[in-house]
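In TrEMBL this protein carries:
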type    : residues                       : note
DOMAIN  : 17-245                         : domain 'Peptidase M24'
BINDING : His83, His182                  : substrate binding site
BINDING : Asp100, Asp111, Glu239         : divalent metal cation 1 binding site
BINDING : Asp111, His175, Glu208, Glu239 : divalent metal cation 2 binding site
Amino acid sequence: MIEILTPAELVRAGRTGALVADILQALKARSTVGTNLLDIDRWAQAMIVSAGAQSCYVDYSPSFGSGPFGHYICTAVNDAVLHGLPHDYALADGDLLTLDLAVILDGVAADSAISFLVGEARPPESVALIDATERALHAGIAAAGPGARIGDISAAIGAVLTAAGYPINTEFGGHGIGSTMHQDPHVSNTGRPGRGYKLRPGLLLALEPWAMVDTAELITDADGWTLRSATACRTAHSEHTIAITGDGAQILTLPSQPHS
Ligand code: MF3
Ligand code: CO
């Protein structure tokens, strides 16, 4: 089902989006060399609860995972890219960490992911990978203009990832979002312009380009959730929730105050 939000629901969506972004930025600031992924999960839980929001993950049991997720945030390190199950691991200098968070506040969900390097090291291959997923995300948002279709967004995302030299996996991509986290339409990270559902004001989409340096193939970790690159190469993932408006798209998952 595709949901179209009312103006009042869109105001609430903006509040949920800012909360998700603020939590992600606070967790990024606290994620340094030696930080344990389980601490990040506990901090996320505390911030979600104190905001009066509900986790979209803790009880989530989709077909692509094993049982309820049981945690409050996805933490994916280096070759782990999607659905990273927090576990007992202390971050090292130069680790590439992806934090992916979705919550519901006042009945409206928002979903966002950031990838960044921990500590001081800046391995060039990882910097380029993160940069490509961020540029792909912003190209996708720019393509969500009046009269655009889902295929225009997919094509814009795919063009950036392909030009950067990364193979594209089509098993997981973006999605509609609203009263629940995962809704139609699916937004592939590659596609053909002019195809698919025509965007309408009030539609919320989570766009989420992700990439792996040298493969399009995923393997599932023994934990039953975490998806890793089949070649153990590094990976990155950038996601925003956007609202389609009358004259383009508005990013909802922006922090309420500027962060570095
Ligand atoms: N938020 C993820 C996405 O971007 C989904 C994570 S589902 C979980 O669509 F169960 F792994 F948390
Ligand atoms: Co998502």
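Positions of Cβ are set from backbone N, Cα and C atoms, glycine also.
Positions of the features from TrEMBL, shown on the structure.
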| residue | record | DSSP class |
| --- | --- | --- |
| His83 | substrate binding site | coil |
| Asp100 | divalent metal cation 1 binding site | strand |
| Asp111 | divalent metal cation 1 binding site | strand |
| His175 | divalent metal cation 2 binding site | strand |
| His182 | substrate binding site | coil |
| Glu208 | divalent metal cation 2 binding site | coil |
| Glu239 | divalent metal cation 1 binding site | strand |
Neighbour count (Cβ, 10 Å) for His83 (substrate binding site): 23
Other same-chain residues whose Cβ falls within 8 Å of the Cβ centroid of Asp100, Asp111, Glu239, the recorded divalent metal cation 1 site, in sequence order: Cys74, Leu101, Ala102, Ser112, Ala113, Ala206, Glu208, His237, Thr241
Between His83 (substrate binding site) and His175 (divalent metal cation 2 binding site), the C-alpha gap once rounded to whole angstrom: 15
Whole-number Å value for how far Glu208 (divalent metal cation 2 binding site) lies from Asp100 (divalent metal cation 1 binding site) (Cα to Cα): 10
Residues among the binding-site residues Asp100, Asp111, Glu208 that border ligand 2 - Cβ under 6 angstroms, in sequence order: Asp111, Glu208
Protein Cβ atoms within 10 Å of Asp100 (divalent metal cation 1 binding site), excluding its own: 25
Residue from Asp111, Glu208, Glu239 whose C-alpha is spatially nearest that of His182 (substrate binding site), among the binding-site residues: Asp111
Asp111 (divalent metal cation 1 binding site) and His175 (divalent metal cation 2 binding site), distance between Cα atoms, whole Å: 10
Protein Cβ atoms within 10 Å of Glu239 (divalent metal cation 1 binding site), excluding its own: 24
